[in-house]
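Colleague: What follows is a single structure, and I will ask about it in a moment.
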């Protein structure tokens, strides 16, 4: 039987449901487990963690919106991740981890052989967490390093922390998707990120929605896109104080680059993205403007679901 998905959102989990989830994990019948915003007791959370520790079919685990709500649950999840070898995408958006909680998780994350996508948006992180995250980016032996990283809405991270991340992305990472939306980055940090993008050979998607940018940083990004060949395909600049003219110029240049790649490599290389990340802009009820690589696209690219896409590539 092919592995299936279990997706429950915002509901209290009964004992029977928890038993079914654990049985599916132990039988390796679950490829995607999403318990986004679900409510369950500590005992049942521990049962699920013990079951997912040995699951070999589980590729994506979504515990967004407060499921991992205490230090004891963080420790239980860390213990499960130390044993698990199959999870490629881990979503913890909206979990009150703090730097201390990520320090508990980090050893398991650093040693996990399959993890390529990590969502730590709105997790109350600061600069100490950034130091740990930077260590997850580069390849290490058989590990490929992270390919998708979400750090949306972590205002406790200072410019010093963001500069460290920019250096890590530029130097040795394999990151394709970097979501930094709804952080107070400002023009100075955006300038450092432009240098990182220009240096990176892999970064395809950069989300800077609602990050306090102005025309100053937009001009820097425009110069980068215009004068330096990069892998960048999508740059999200909604909810910033940037003129429509500058936004359109950046968008046009990215679209031109994408068209040239399609002519050279064929349209069959286009990545098919999934949405596993919390749609921060939609939660805030904001209007959205994006700079997509595909001029026919009508919506903001909120996430890539890259771990699942990579699994599909491997199976082909």
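Using the three backbone atoms N, Cα and C, a Cβ is placed for every residue, glycine included.
From a predicted model like this one, the values you see are computed outputs, not experimental measurements.
Residues or ranges marked as compositional bias 'Basic and acidic residues' in Swiss-Prot: 272-281. The annotation compositional bias 'Low complexity' is assigned in Swiss-Prot to 286-296. What Swiss-Prot lists as region 'Disordered' is 257-296. The feature repeat 'LRR 1' is assigned by Swiss-Prot to 57-78. Sequence annotations record features per position, and here Swiss-Prot assigns repeat 'LRR 2' to 86-106. What Swiss-Prot lists as repeat 'LRR 3' is 114-137. Taken from Swiss-Prot, the feature repeat 'LRR 4' applies to 145-166. According to Swiss-Prot, the feature repeat 'LRR 5' maps to 174-187. The feature repeat 'LRR 6' is assigned by Swiss-Prot to 202-223. The repeat 'LRR 7' annotation in Swiss-Prot covers 231-250.
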Colleague: May I have the DSSP-based helix, strand and coil counts for the residues of the repeat 'LRR 2' (86-106)?
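Modeller: Helix, strand and coil residues of the repeat 'LRR 2' (86-106) number 9 helix, 3 strand, 9 coil.
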Colleague: Where among 57-78, 86-106, 114-137, 145-166, 202-223 do we find the most Cβ pairs under 8 Å to the repeat 'LRR 5' (174-187)?
Modeller: 202-223
Colleague: Please identify the stretch among 57-78, 114-137, 145-166 with the greatest number of Cβ pairs below 8 Å relative to the repeat 'LRR 2' (86-106).
Modeller: 114-137
Colleague: Find the average pLDDT over the repeat 'LRR 3' (114-137) in the predicted model and report it.
Modeller: 98
